[in-house]
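Swiss-Prot has this to say about the protein:
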COMPBIAS  7-16  compositional bias 'Acidic residues'
COMPBIAS  39-51  compositional bias 'Low complexity'
COMPBIAS  52-64  compositional bias 'Polar residues'
COMPBIAS  93-107  compositional bias 'Polar residues'
COMPBIAS  109-118  compositional bias 'Acidic residues'
COMPBIAS  134-148  compositional bias 'Basic and acidic residues'
DOMAIN    441-558  domain 'C2'
DOMAIN    580-686  domain 'PH'
DOMAIN    975-1106  domain 'MHD1'
REGION    1-148  region 'Disordered'
Amino acid sequence: MLGASSSEEEDDDFQDDHESQLPIAQVKKRSLLSGAMTPRSSSPAPSDSVSQTNSLKRNNSSSQARRKDSVHSQTPARSPMKMNSPSPMPQARTMSNVTRPVLQNSQELDGEEIEETEGSGTMVASDDGGPSLSKEEQERIKAEKEEEEHKKNLQMYVFIARCVAYPFNGQQTGDMARRQMKVNKPELARIRERFAQFLRGETNIAADEAFTKAIQSYTEVFLKSERVQKVVHAGGFSQHDFREVFRLIIEKRVRSLPDIEGLSKDTVLNSWLAKFDAIIKGDETDQNRNARGRSRNPNSAMSADAVLGKEQLYDVFQQILGVKKFEHQIIFNSLQLDNPDEQAAAIRREFATREEALKDPMKMKRLTPKFVVKDMETLYMDEVRMSINTLIGNLETVPVTTRGQTVGKRKDKSRSRSIEDLSLFNSLKRRTSSGSLNKGDSDDGDVTLTKSDVSLALSMEVVVMEVQGLKSIQPNKIVYCVMDVDGHKLATDHAEASKPKWDTQGDFTTKTPLPTVKVKLYTEVKSLVSFDDKELGKIMITPTPNCSRNPEWYTMTLPKNSQDSSLKIRIAIRIEKPPNLKYSGHCWCIGRNSWKKWKKRFFCLVQVSQYAFAVCSFREKKADPTEFIQLDGFTIDYMPESDPELSAQGGKHFFTAIKEGDELKFATDDENERHLWVQALYRATGQAYKPVPPKQSTIAPKAQGFQDKASKHGMDALIQADSINFDHDHLYSDIQRLTLDFRINEPICSLGWFSPGQAFVLEEYSARYMVRGCFRHVTLLSNLLDKADDGLLIDPALIHYSFAFCASHVHGNRCMPDRQGPEGVGTVTLEEKEKFQEIKERLRVLLEKQITNFRYCFPFGRPEGALKGTLGLLERVLMKDVVSPVPPEEVRAVIRKCLEDAALVNYTRICNEAKIEQRMGNDVSPAQRIEDMIRVTEFCIDLLKENEEHHGEAFSWFSDLLSDHSEIFWSLYSVDLDSALEVQPHDSWDSFPLFQMLNDFLLSEPNLKGGIFHNKLVQQFQPLVVRYIDLMEHSIAQAIDKGFLKEKWESRKEGCATSEDIYWKMDALHTFVIDLNWPEEDFRKYLQTKMKTLTSDLISKVSDCTFTAFDSWMQKAKKSTDYMLPSEVCVQINVMFSSKSRAVRVTVDSGEYKYQSKLDETLETMLKTMESCIQEKLLGVLESVLSRLARYDEGNPIGAILNIAPKPASIFNKLKTMAGDTSVQSSSSTRQPLTAQQSSGQIGNSYVTFFHGCTELLRQVIIDEIWVNGLFEHWYDNQMKAINDWLTERLQQSLSATQFISLSNIVKKVYQDFAMQGIDEERLNSKTYQSISRRLQLEESNSHIQEGIRRLKT
């Protein structure tokens, strides 16, 4: 063993060389396992007790051999060809591959061992440099190694089976964290397929669009993630983890949604989770298939983490150690694992052997391991004494049980006891020798038992069944029996004398082991003279606890005047032995101090406690023993020859009990009885020597048959091996390693934690065989680190616990001084310290690697709390000792270095995923380079968001370092960004979306806003933004100059083609500046001012050009009714309104108020001018019409001529008359008045047509209805005013027919059209309109009067 030193190393090496060549049964490794033992705690680790002291007896190999063994003991792979093994068994074959064994300075591998650890080929060189081994020899050697490995596993199983059969150091707890089923690769594939089916709509699960999107996001981000696949391969994900990740994702999504009245967000979450469960579980077919698959697994999740019974524990460790069923059965029978008395006796014998080893100082000095400090040897002896005393105390707490009864719960040390029990318990911590193991206990003296300590309480069942030979009474008489035990009487049922049978059981309790059972047979007597029933017979029986339980016939004693010749009764007596009665029977005995006369007596072996036994002799009907002795210090053995003098008086088969100052001789009449007595007393004394029956013995006990069967299979040496001859530290290490391998392969997401049953057995093994606590934990750490190196996921809390225990032990800061040496300092072996230093370095490297790859070791923050635990463990590993905390700067420096490396790892993986390096050649276009960078940017942003969402809480104490990590990450990104921007053309603006994406993300992160990368990004894009705005300004200005020169003023949306193009560009530029969301306030204000100025200038130019064009078009207007308002003018008005709507953005803020700019005032003035101009041109047409009508005034010569002048129709009619067409003439004369009327209204009709066309054009083309309504209102008012003024000028004269007809038509149509255009009736029916209407009505009346007068005259 590493660190075991001796002053006789040469002799030790010589002896080891010979021992390595002996068969396994003959190898007696001189080791005594001992250690400081503490009560079992609730820790899920194999043990949380303070350090277990290691074996007193170590392998005496040389220093070099110990170094070699140390190397192999620290790695799962041990040298298969090594012969100088520290274990009594040959070395185990390689169980796992270790790629890089970490060697300390004192640990070196010679050439032979290096060759062995590097793997084997088909040809192996021999040790003497001879020819290579043949394939047959290799197979033979391999078979031998496997056989030796199997024997070693069998030997370990023997010790494990003893621990399972009789645990006394703790209980199996069921309050450990319940582990979930882990998701394996096939299960992950099935889950992915189920979610794909849901997204394809192939399931019957109803879902809305929001839930479908959530499932789609979950599938793309989580289920299809390569990181999740790796962790599933590492056995670190359960379905619970899958559900928790989904819950976290949807919680954030649902909480961000607006509240819906009547539907709480918790209800939505629960509904979504229920649907998620339905998807992940699949349909009934999938569930049944999974259930069948799991039922075929013997270690299913339903029972793996439950509290296991003994048979289940046996089965588990049979699988772990590769033990076959028949081998287990042989071990079970040979060790009598179902006999708690035998198991307790075996434990007492183990303790006795250890105590004997402690009595030899020279031997102890030679076998003491090498410590880091020489003075620890004395402390080591004290630790061993304390450990044994602790084990003895633990054994004392186990209640006394009978054979076949399961060992119950440990007795509570604080339970109520009698004064005798308390004094007995407190003084019986050392029972196997007269002297105390602890010097402080030597003053207690011998323990004296009283008769009350050995009192017994037996339960009896007496069943009277039937009577034969009853002939003295009539058949119809009633008979019954009375049972009497120590004065307690019970009667049977009544029966007829013809059928005297009963099935009545009497239950009695007695304190004497030899009770007297009296049974009397009575018949009922119905007589006035006699009041007592008649006794027909009686029997008195003295049963023993060993009597047969089968019914027996007894001959009853008859009364003197009985007429029956023979009366027999059938009785069954069953006596339940109390737990403290281990054996009883009749023996001949003689002793020096007790039982001084050779006489046959009834003896009972009574167990008072686990270490106190007494042999008592009892008489009939007596509850107290006549004499008794305490078996403490006696040695039981067979007597090969009978004592002639004593055998002449009685007894055939002798055995003795010898003690210093006393000797007892016993004899039995039956040889089997003697064997049973010897075995019972042998278990009670706890002696190391096992009595061997004399050769002339003809009895073949059952145990001998089991031993013969074990010998037949070559297992007798393993079963009979003394545990003290084994190095249990290394055996435990192997068991722990194999158990961990088995646990990792279970379908449970254990993360390295043992199941309750496995932890319980390992705890019991380490306690019973006193495995050093530090060695246990340091080997567990080594095994866990090996698993972590293999890519499996291990809970850092488990590593943290074991590491903290080892650190406290190695640094000498123990917190339990009562269990250790003075001031809590315990012994530390050189091997423990070297292994701890090695583990500490390995653990530091592993933790730094995990923190560097935290996204891949703990994806999506799973397992829960693992990353936070890793950071805490790293801080513990960096501590120099357990008292002085590590400086925060040192911890931060390590974490900073890890996060710096993490930035490189994360960005490199993103680049590999996006294949960015492969797309940086000259064959890739600049636009494609920007697209690639946008895709990489999306990956980077998603990555940092995931870091904050899933890992931010773990880094809460190092949030600034996580921010630095992000800055470094972006600095790596900026290299590729610069490369992509350098190849962009001078006039390309494709990179602005990239800037907007980055800037928006950085602004949303308080830790990155205004950081190094953000400032660099701003400085990099600021010149591009300025140049882009300048170019856009120049481009828009040129578009204004060139566009309006060629503008055709056709309607386009809100304006013309040129204005729409210009304003689209201006709006796009404005949106671009807003979307930039520039982070620097100064430049942001500059951009805002720049955009206001640019907008104002551009609008001014557009409005000026439009107004100029409007003026030119209006100058072409005519006053004739043939003139129609051009649509181009309406389009120009639309352009002005479009300009006005955009001019609203150009405002000047002054406190809480906003004032319109000069541009608004200018545009408003232009619109008013344009309205006035249009009205002026339209009114000019009306004025022209009124001027034409003025020519028809009365007294106006021109008007008279116009009134007399024939119309074209009348001239045509006259030509027809001249031709002689009288019919036509008469017809024309009848229609002439109507034709004249139409001719008179021609002027009015032409104006109405002009008016109607203009109103429809204005309403359809101009977009601002309010402005159009205002124009119509003013136009209407002006028209009515003009007509009214014209009529007012002619108040003194009547209107001609032409004037009347034209004005009536104009007024009527104008009123109707403006009413249809939406002008208020109140405005239409103005006073002016009413005045016009009255005048026209008056003129109409005058016209009718004059027409009537003309008709009268004619």
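Cβ atoms are placed via backbone N, Cα and C, with glycine included.
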Counting by DSSP, what is the helix, strand and coil composition of the compositional bias 'Basic and acidic residues' (134-148)?
14 helix, 0 strand, 1 coil
So, by DSSP, how many helix, strand and coil residues make up the domain 'C2' (441-558)?
5 helix, 55 strand, 58 coil
What counts of helix, strand and coil residues does DSSP assign across the domain 'MHD1' (975-1106)?
101 helix, 2 strand, 29 coil
For the domain 'PH' (580-686), the mean pLDDT of the predicted model:
92
Looking only at the domain 'PH' (580-686), how are its residues distributed among DSSP helix, strand and coil?
21 helix, 48 strand, 38 coil
